[in-house]
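K.L.:
The structure that follows is given in the form of structure tokens.
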Amino acid sequence: MNVFDRNINFDSLFKFSQISHSTQVHLKNVYSSLAVCMFVAAAGSYVHVVTRLFQGGMLSVLGSLGMMFWLAMTPHNSETEKKRLAILAGFAFLTGVGLCPTLDFVIAINPSIIVTAFLGTSVIFVCFTLSALYAKRRSYLFLGGTLMSGLSILFLMSMMNMFFGSVMLFKAHMYLGLLIMCGFVLXDTQLIIEKAENGDKDYVWHSVDLFLDFITIFRKLMVILALNDKDKKKEKK
């Protein structure tokens, strides 16, 4: 039998029998909101890079934190849904503006790194998301404690590097942070599924978790690629 004559049912690739229909609908809403967040964040970064109307810094960080707190404090129901989506868009926009210092650093080295980092982040995010969706339910939730310990280690490394100013320690922080955030994609995806199965259908807030995972991976991957490119240029001189 010719292998090329076989009929492949692509629909079966996207059937998750271990996830209820209502949760699958919830996940569609989560990823739709995530897509909107990505678009709005890209707009925020674009406005800065092209027009310089907004400057990324402490104000944008405080603004995004304020928006996130406002979103968390606003109850999820049909009456507040549009309001919460607007707050989510504001949070995503300010987060995009907050990326600008990193973008400026990368553009000064090699602008093409931004596209490479975005594509790389997308591949990483999709692969780890599918792994979490196809895996046995709750199989990655045990990572929660390990990931939180990893964040504590990253914090200690940051504090140490404030005194030592070591490039090697900074690079180790970036690589370890990238690994930890990949783990968060697994854990957060399955945690969202479990919350939805237990009746928590707040897709707006759930999209925030995944959005922060994506943005953090993107930021760290950009810096890693930029530093590697910078080192290669130094070696050529």
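A Cβ is built for glycine as well, from the same backbone N, Cα and C atoms used for every other residue.
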K.L.:
Per Swiss-Prot, does T80 fall on the same side of the membrane as T189?
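P.N.:
Judging by the topology that Swiss-Prot records, the two residues are on the same membrane side.
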K.L.:
Six or more residues beyond either end and a Cβ under 8 Å away: which residues meet both conditions relative to the transmembrane segment (140-160)?
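P.N.:
Contacts with the transmembrane segment (140-160): 132, 169, 172-173, 176-177, 179-180, 183-184, 186-187, 189-191, 194.
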K.L.:
Go through 87-107, 113-133, 167-187 and flag the stretch with the largest number of C-beta pairs under 8 Å relative to the transmembrane segment (53-73).
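P.N.:
The listed stretch sharing the most Cβ pairs with the transmembrane segment (53-73) is 87-107.
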